[in-house]
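Sequence annotations record features per position, and here TrEMBL assigns transmembrane segment to A:17-40, A:52-73, A:93-111, A:123-149, A:169-188, A:200-221, A:263-282, A:315-338, A:350-375, A:387-404.
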Amino acid sequence: MTTAAAPSPFPEALKNAFVTALIALGLAAPMMGLVTVQVGGDLGLEPHCPRVAIAVALVFVGRLILNLTIWRPGRVKKVTAISPKTERLLSKTARYLAPAAVAFAIILPFLPGVGRGQIDLGILVLTYVMLGWGLNIVVGLAGLLDLGYVAFYAVGAYSYALLAQNFGFSFWLCLPLAGILAALWGVMLGFPVLRLRGDYLAIVTLAFGEIIRLVLLNWQWFTGGPNGIGGIPKPSFFGIDFKTGPDGFAATFGLTFSPLHRIIFMYYLILALALITNYFVIRLRRLPIGRAWEALREDEIACRSLGVNTVNTKLTAFALGAMFAGFAGSFFATRQGFISPESFVFMESALILAIVVLGGMGSQFGVAVAALLMIGGFEWFREFQDYRLIIFGLVMVLIMVWRPRGLVSSRSPSVFLKEKKAISGSLVQEGHG
Amino acid sequence: MTALLSLEGVTAYYGSIAALKGVDVEVSEGEIVTLIGANGAGKSTLMMTIFGSPQARDGRIVYDGRDITRTPMHEIARLKIAQSPEGRRIFPRMSVLENLKMGAAVTQFAHYDEDLERMFAIFPRLKERAAQRGGTLSGGEQQMLAIARALMSRPRLLMLDEPSLGLAPLVAKQIFSVVKELNEKDGLTVFLVEQNAYHALKLAHRGYVMVNGKITMSGGGRELLEKPEVRAAYLEGGR
Ligand SMILES: Nc1ncnc2c1ncn2[C@@H]1O[C@H](COP(=O)(O)OP(=O)(O)OP(=O)(O)O)[C@@H](O)[C@H]1O
Ligand SMILES: [Mg+2]
């Protein structure tokens with residue numbers, strides 16, 4: 001063999017690992033090395049060296065191993081793009097995957113071993129799937145970075161709670177009202193931010209979300225302030241309540257009463273709402289307005305020069321996105337029976353946005369998978385309360401490293417000549433196109 | 001001949017900097033009019049000012065007997081003026097077909113299928129690439145797409161900003177001959193901004209020369225081509 005005497009990568013790797021370990025030391029020393037303790041009524045700090053040592057050693061060894069294996073210099077990097085063939089296969093299976101997932105969701109409550117806990121989790125996941133699909137209109141399609149989406153969720157929830165409490169309106173009447181009110185707020189947010197894009201838009205929407213929350217918190221006589229609103233009525237099944245009496249759901253249908261009936265009903269309700277959202281978003285994408293959203297995301301000036309009224313286009317995106325959050329919000333209110341501003345913090349907006357981004361902006365199926373992963377994962381790790389956010393962050397970073405454009409990054413065009421062709425997202429450079 | 005488009009004393013500013021300092025231009029129906037000038041002269045600004053961004057501060061822009069000086073851009077587009085702007089500005093993540101469909105939005109897709117066939121006949125390359133992302137097309141293909149997208153709106157007036165930029169001479173020639181054909185066959189009025197003064201002036205019926213935000217010369221295309229000042233400044237001593 002005639003290998004050129006390549007310089008040993010070892011010293012370089014060692015040096016690099018050492019630097020990394022130093023950074024780890026800098027981070028770990030204050031964060032893990034100092035523990036707050038009670039010192040006779042006062043708060044004191046106690047150094048905790050072994051923990052720091054272990055952390056630093058782990059980082060050093062880990063980095064060294066990585067440097068000598070995966071990150072070895074000169075290692076031929078595999079093209080991360082999935083080959084067109086597999087991409088085609090994936091999109092083919094994806095076509096069956098989505099109906100399969102819907103079918104699974106429909107039979108879920110009756111599968112053996114599925115109890116109240118699982119159905120509750122299903123309701124939670126579906127709520128976020130719906131929110132993700134709604135936000136997808138604003139962020140994924142229209143490209144407007146909205147960090148205050150939870151505000152519309154809150155508007156929907158409070159609309160239902162207040163209308164039901166003050167006027168005794170039923171859920172079925174409030175649902176559209178909540179959607180309309182949320183859409184109005186969407187337009188209201190839309191107007192001042194018409195000229196903003198990217199970072200600036202993100203900051204204003206973030207502020208908007210906080211303002212709504214603070215108003216809910218401080219408008220004591222109207223919203224109940226921090227005490228929230230309780231005793232929110234449950235929806236009926238086309239006028240039949242879920243109760244024990246002779247005119248209850250169970251008696252009417254000749255079943256023995258079980259509190260599970262209502263839970264299952266709630267599950268199907270949110271499933272239906274989510275599927276309606278999905279249907280609308282898919283339809284909208286094929287309409288001129290949907291194409292205008294996508295074009296707007298790409299190039300606003302070009303859009304206007306083609307006769308697109310960008311003001312209306314943006315406002316419709318905000319309004320429709322908000323409307324679906326409003327629907328989801330009134331569902332949330334009726335499911336919980338109690339709402340308070342605490343349910344509508346920035347973390348929720350961040351979570352929904354993370355679902356959209358991780359799912360691959362614009363991909364409906366990806367968003368659903370991301371919601372399942374994030375919310376399901378979140379619940380799964382409930383026992384490790386303290387580490388949940390760390391794991392959450394880690395998973396996000398890993399997904400973004402592995403698939404920088406989200407789980408499902410191929411975007412299928414909305415206009416075809418003869419056959420559908422998915423455009424692979426991984427073949428296009430980041431930041432462009 | 002009455003003018004389809006006329007500008008009278010148009011000025012435009014970027015902040016406090018004047019980019020156009022009183023421009024008079026006329027384009028008659030069925031004409032090809034070209035605007036040439038050095039980098040930074042204000043050619044692209046003039047084209048965008050006609051489209052309302054930046055809006056003209058003084059002066060009047062009249063199109064088809066209608067004052068459009070203060071009309072918003074999207075409404076101007078609905079008056080059957082189309083442009084292929086500087087830098088092409090196609091939608092990079094959308095497919096070629098979607099880009100073309102966006103172009104037909106102003107006509108409510110009334111002639112979409114028919115026009116699509118026509119575009120594919122003019123630019124067969126676009127048909128081959130119909131499902132490809134706009135952003136992954138070559139420069140020349142992108143230029144074809146930008147022009148085709150503009151044509152999808154069935155304009156009366158087509159404005160092109162440097163369609164030959166960055167194209168191989170042969171492709172540039174092809175684009176120019178397409179423009180000529182559209183003008184001769186369909187009577188399309190064309191306003192052409194170009195760096196490639198030789199080809200532009202040869203193609204155009206009339207031309208304007210812009211220096212520093214002002215029109216300094218105008219005349220027939222061939223006539224300008226013969227002028228020593230034009231030859232010296234824009235044709236590197238002729239070809
Ligand atoms: N958005 C803007 N903000 C500030 N100044 C601008 C802006 N756009 C253009 N300018 C300035 O206006 C002047 C005219 O620019 P314009 O783009 O119209 O030139 P041009 O004739 O098209 O040049 P080129 O042939 O290089 O495209 C230039 O000095 C330019 O720097
Ligand atoms: Mg220019």
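Just so you know, glycine gets a Cβ as well, placed from its N, Cα and C.
Sequence-distant neighbours of the transmembrane segment (A:52-73) (same chain, 6+ residues past either end, Cβ-Cβ under 8 Å): 9-10, 12-14, 16-18, 20-21, 24-25, 28-29, 32-33.
Simply put, out of A:123-149, A:200-221, A:263-282, A:315-338, A:387-404, A:263-282 has the most Cβ pairs sitting under 8 Å from the transmembrane segment (A:93-111). Taking pairs at least six residues apart, the transmembrane segment (A:123-149) and the transmembrane segment (A:387-404) share fewer than three Cβ pairs below 8 Å and do not count as touching. Count of Cβ pairs under 8 Å against the transmembrane segment (A:169-188): among A:200-221, A:263-282, A:315-338, A:350-375, A:387-404, the largest is for A:315-338. Only residues 6 or more beyond the boundaries of the transmembrane segment (A:263-282), in the same chain, are considered here, and those with a CB under 8 A from a CB of the stretch are 102, 105-106, 108-109, 116, 119-120, 122-123, 126-127, 129-130, 133-134, 136-137, 141, 235, 237, 242, 249, 320, 324, 327-328, 331, 334-335, 364.
Residues of the same chain lying 6 or more positions beyond the ends of the transmembrane segment (A:200-221) and with a Cβ under 8 Å from any Cβ of it are 144-151, 154-155, 158, 185, 189, 192-193, 341, 344-346, 349.
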